[in-house]
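Notes to accompany the following structure.
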Amino acid sequence: MVDYHAANQSYQYGPSSGGNGAGGGSSMGDYMAQEDDWDRDLLLDPAWEKQQRKTFTAWCNSHLRKAGTQIENIDEDFRDGLKLMLLLEVISGERLPKPERGKMRVHKINNVNKALDFIASKGVKLVSIGAEEIVDGNAKMTLGMIWTIILRFAIQDISVEETSAKEGLLLWCQRKTAPYKNVNVQNFHISWKDGLAFNALIHRHRPELIEYDKLRKDDPVTNLNNAFEVAEKYLDIPKMLDAEDIVNTARPDEKAIMTYVSSFYHAFSGAQKAETAANRICKVLAVNQENEHLMEDYERLASDLLEWIRRTIPWLEDRVPQKTIQEMQQKLEDFRDYRRVHKPPKVQEKCQLEINFNTLQTKLRLSNRPAFMPSEGRMVSDINNGWQHLEQAEKGYEEWLLNEIRRLERLDHLAEKFRQKASIHEAWTDGKEAMLKHRDYETATLSDIKALIRKHEAFESDLAAHQDRVEQIAAIAQELNELDYYDSHNVNTRCQKICDQWDALGSLTHSRREALEKTEKQLETIDQLHLEYAKRAAPFNNWMESAMEDLQDMFIVHTIEEIEGLISAHDQFKSTLPDADREREAILAIHKEAQRIAESNHIKLSGSNPYTTVTPQIINSKWEKVQQLVPKRDHALLEEQSKQQSNEHLRRQFASQANIVGPWIQTKMEEIGRISIEMNGTLEDQLNHLKQYERSIVDYKPNLDLLEQQHQLIQEALIFDNKHTNYTMEHIRVGWEQLLTTIARTINEVENQILTRDAKGISQEQMQEFRASFNHFDKDHGGALGPEEFKACLISLGYDVENDRQKQTGSMDSDDFRALLISTGYSLGDAEFNRIMSVVDPNHSGLVTFQAFIDFMSRETTDTDTADQVIASFKVLAGDKNFITAEELRRELPPDQAEYCIARMAPYQGPDAVPGALDYKSFSTALYGESDL
């Protein structure tokens, strides 16, 4: 027996624990709770039983085939316990007690008990599952037992990061499918319905087997079948479920899905083991990297802190006094800022540095690493010594600042008056020089310049008013010089600066006035040029827009005249382009002149032309567009001209042929009409003549085929009208069909007339008289008579309605006889005429054809056989008997006619009947429709 258990040890990560923390080798409480759930679930949803049967059967066969066998029915094939024991041996790799080979019930129960005892020996508590139920084929108990085996041997040993069994398998699935879109594994039922999770597991480990990006979430059946087929073909995982069972179930069976997924886990367990080993290495490296990071942080923080102390101590030991109280107060403020802002973070860094040092030493000790020894000069003691020196310097610096500030306050009062007046003056002059030097007039508009001139005049008035204050400042400075003020040099410098600035303000004021007045004149000139530009640019721009619209306008023409008209109009437009170009150059010259004036005088025009939004760039861009569209329009017009010339050729070609074929058909129709009316010669001569005429018509068919080909070319060219002919292909086709129909109908009429003549014995003269009368009353030459026309025709032929017989009127022709009848007021009776109409027009169409007319007249003018005559003839053949025999018929009649009569004659039933007697009377009566044949 194959040691299956030993072969699968590589997939196990050691003992696993259940959901409540119990060891996998000592307790199966969680799994038994799952068995209880299994009992209840099976009662709730019968569809799950079907899924479990298929899944569990496939799972069992995946192991049993290693022993060369399999099962077909899970609740039948385990009843004798033999395959159950074999299954446990395969999946455990252990030998079970020797099975009993007897076929009695007791032998089967003993075998099943051996299997159940083996399962119990593995720490699995079997709840409500006994050998008798398995032997009896209890489906629910059998499925429960198999589920317990799957839990113990396929799922219990799954371990992923301190979680095992179901939770471990779920975590493994979540980790593996996390990178895949539309996959969110939260359970072992709904999360697997769309099939994407199965495909993601395969793609994660064997990406060459699955094209995951081509799968669609809205096609679960395809997704599931794809995963199951790939797993069966390439991963040796049997198909345990049908895609339709999963999709058509609201909530697929959890145990079936878990069983299926566990097969994927074991198939990929080699990759899982490598992942676990990698995680262990990463964890060790992460600890080492974290320690190194802490060491680097300590070295960096210690270096930064010691460097800051070395830079700060010289600043605190600086005792150079300042000459103004503001400077000393600034030093005090800097010192306070140092205390409030700069020092507190360093205090915190020093504290954090000590904490990090202690934490690092603790971690190194716990991870069996040597203690950390900082580089020389960066020990905690070095930092403490530097910090103590810093605080001593800080204390001395603060005392010196306070004493120096108190000394300068006494001296500063003497110069306060000078500073106040100087400050007031300086505050007033602040920005004035920059304002006067500002060349804002270079970018100003004409209206802005006028406003700047008025503003400058107001400034000149304010400047004159401040003359007295400058003189007062000079007098105070002179007084401080006389009193030998220690800061006299700065006072004199400031006073001189104020005087020099005052002189500069006067000079700048004069220069600004001149510049403003000059710019005003130049902007007036530029404004005039802008206005002229706007007046000429607007209509030119509108012309270009209209031209572009016309050049891009779609055109639809149907004739060569229309396209030639468009080409002529386009040529006329092109002739105006040189004048338009000259106008464009003139407009752009105006703009360039305005630009030249502005540039030569350093005037920066603000914005665009105030009178128009049409810039030279717009004009040039649209002009270039017009220049590009002209050749495109030329090309389009020439193409359309070529197309219309080709269409015109097709029209003329079709019209030429149609104007021949159409009149030819019309002529032939008229000739056939005349032939059918005139009917010269015998009927046979007329028939031969008509058939020759028909052949000549058929021989003309190639001309019609040529016309069809030409018409197809016209349709392909989308030509819908043709002024060169009144004939359309539809008219030609209809005319041709009518022509063929008319000649065929006329030939048929003559043939029928011949049949009627021969059958009824009508002479050629009578037939011609009937035709002449019929044609005379067929006023529209339609080949049929209306009721009134038919009545007049009968009367003209001398038909006696009262006696239901035709009477002849001597040699009186039809016209004379009709005139006589009309003059005497003769008319057919309505009842008789209606009877005749029912004979000649059985379909009640209201028309009498010539053939119906001939049939009627032949019955009225010729002798016909009657049923009595036929009976008398049969009686002669029968030797004056009331019946006839088959032998007599075969002797007296031709063979085919004799057999015809024998087959249709009924046996004779009279008193004088003999064997084989046939009733010829009923047969004769039936021939004439007086009884059933």
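Just so it is clear, glycine is given a Cβ too, placed from its N, Cα and C backbone atoms.
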TrEMBL annotation of coiled coil - which of the ranges 134-168, 274-308, 449-483, 869-903 it falls on: 449-483
Averaged over the domain 'EF-hand' (828-863), the pLDDT of the predicted model comes to 73
Counting by DSSP, what is the helix, strand and coil composition of the domain 'Calponin-homology (CH)' (163-269)? 67 helix, 2 strand, 38 coil
Grouping DSSP H, G, I as helix and E, B as strand, the residues of the domain 'EF-hand' (765-800) number 23 helix, 4 strand, 9 coil
